[in-house]
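Engineer: From TrEMBL, for reference:
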COILED    199-226  coiled coil
COMPBIAS  27-41  compositional bias 'Basic and acidic residues'
DOMAIN    87-122  domain 'EF-hand'
DOMAIN    123-158  domain 'EF-hand'
REGION    1-42  region 'Disordered'
Amino acid sequence: MASEELAQKLQRRLQLEESGPVAEGEAAAKDEEAAGDEAERSCLTASAGAELSAKLCRRQDINEGAAQPRRAAVFNPYTEFKEFSRRQIKDMERMFRLYDSGRDGYIDLMELKLMMEKLGAPQTHLGLKNMIKEVDEDFDGKLSFREFLLIFHKAAAGELEEDSGLLTLAKLSEIDVSIEGVKGAKNFFEAKVQALSSASKFEAEIKAEQDERKREEEERKHRRAAFRELKSAFTH
């Protein structure tokens, strides 16, 4: 077996030497093609701004499995989103947790669907995906709390299109992020008082269900007590 394997290797070596120029030409062609692909990628991204170019390259690397989405080691909303007060950020955090039904620190597509339905502004499947895409910086297809804060940041700065689902979300929430000094922020939510208050409505529905359960339990207790009294009257 060893001599047969050695013979095959020698034969292969002879073939390569006999067709040396052709093999070298093929290798050179492959190198040239690879260089061309690299040059094409550089040309495509060179015309964009530095930030956009970096995002495009990273997106391509993630798609090809060459990189993992970044996760910030420490995220402090109070220092990163200084335009918001602590109370505003707390309100946003409460709303985020309210709809993070999976308790995994993210709002996924189905949770966003429920949120928009509770807001009274249901979206199509494609609309929901586009909403996430607008602020999905790590391309994982769901919203982290930081990306959730970006919705209100962009809304307050007037950076969302009028027909954007994210703008609808921001307008219909209870959170007032109108801030002096931010573009378009002062009167940005002047119609907010007329909008549907999703969080309070959702909480009211939960409380109503809890009250209903309590009432039913009380009725069951009264029926059991009445039955015991009736049974006792017949046994004495």
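Any Cβ shown, glycine's included, is placed from N, Cα and C.
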Engineer: Helix, strand, coil residue numbers for the domain 'EF-hand' (123-158) per DSSP?
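Structural biologist: Per DSSP, the residues of the domain 'EF-hand' (123-158) fall into 23 helix, 1 strand, 12 coil.
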Engineer: Report the mean pLDDT of the predicted model across the coiled coil (199-226), rounded to a whole number.
Structural biologist: 76
Engineer: Under the DSSP assignment, what numbers of helix, strand and coil residues are found in the domain 'EF-hand' (87-122)?
Structural biologist: 23 helix, 1 strand, 12 coil
